[in-house]
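If you check TrEMBL, you get these features:
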type: DOMAIN; residues: 25-268; note: domain 'Acyltransferase 3'
type: TRANSMEM; residues: 44-64; note: transmembrane segment
type: TRANSMEM; residues: 71-92; note: transmembrane segment
type: TRANSMEM; residues: 115-132; note: transmembrane segment
type: TRANSMEM; residues: 144-164; note: transmembrane segment
type: TRANSMEM; residues: 184-203; note: transmembrane segment
type: TRANSMEM; residues: 215-233; note: transmembrane segment
type: TRANSMEM; residues: 253-278; note: transmembrane segment
Amino acid sequence: MRYLEQNSVFEPPTQDHINCPKYWWRNIMYINTLFPVEQMCMLWSWYLADDTQFYIIGAIILIIAVRHFNFAAGVLTIFMVSSWATTAYIAFSNNHMPNADDPFALFDKIYDKPWTRLGPYLVGMCLGWILFKTNCKIKMSKIVVSTGWTISTVLILYLLFGLFNTTLTQVAAAAYSSLSHTAWAIACAWVIIACSTGHGGWVNKLLSAPLLYPFSRVTYCAYLVHPIVNRIYAMESDAPIHMSPNSLTTLYLGQVASSYVLAFLISLSFEAPVVTMLRIMSSNKKRDA
């Protein structure tokens, strides 16, 4: 990153070669999203920090739920509503207008902060609890299934394309910023419920296709390395990129392929050996017991 910074005509969003030696410990402790974006090491690592923080919160709620389910459900509800209210307040007070041209606006105040991202994780917790309690056996009528797929499809399409050529009022913009991530999680939750309970149809067949299995094993690793691929390409360029459908399609496919190849090599070198070692250790413990 130091080489790219010193030899590129473009300026990176964060100076990792300066921030990482200073603030690497924040990444190790998964608290880097609690500090200004200008001080972040590996900007895209915000997801790891938030996910780890949510994992701790979720584990505590589940432990409480074992003996005090109603209390745990109340705490979860308070967290959910508080996240919505906090996000709406931040968006409204900063006159934030979400739009497709600049999805990372207010990155340091809304995009990466755990208190604005908690909603989808809590939706996932509720989904997991439902599937666990029902053992993935939920009977639904055709009307319920059709309604679920319709609502899910409408939510997904609106969240993907609803902001194009649209001007929201300040109140509507705050509501969108507050609820959009949770709405996306709810739409995805329906897909998971439908596919897990035998109501997925061709969607379940598509998502369960053997062809996708190898990619699913390295998708997380691809997420971790793809910003590096993007940044190397951008920082090595000596002129702005001409934006056209053909050039963007070619660039997208090339970077996706490069990211997955790199992710496969890294997973094969580091992740797979560690997973194998943990399985061996786990089997030895069971045998000793």
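In case you wondered, yes, glycine gets a Cβ from its N, Cα and C as well.
No curator has checked TrEMBL annotations; they are predicted automatically.
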Look over the recorded stretches 115-132, 144-164, 184-203, 215-233, 253-278 and say which has the most C-beta pairs under 8 A to the transmembrane segment (71-92).
115-132
Against the transmembrane segment (44-64), which of these stretches has the most C-beta pairs under 8 Å: 184-203, 215-233, 253-278?
215-233
Same-chain residues near the transmembrane segment (184-203), Cβ under 8 Å, at least 6 residues beyond its ends:
119-120, 123-124, 126-127, 130-131, 134, 136-138, 140, 145, 148-149, 151-153, 155-156, 159
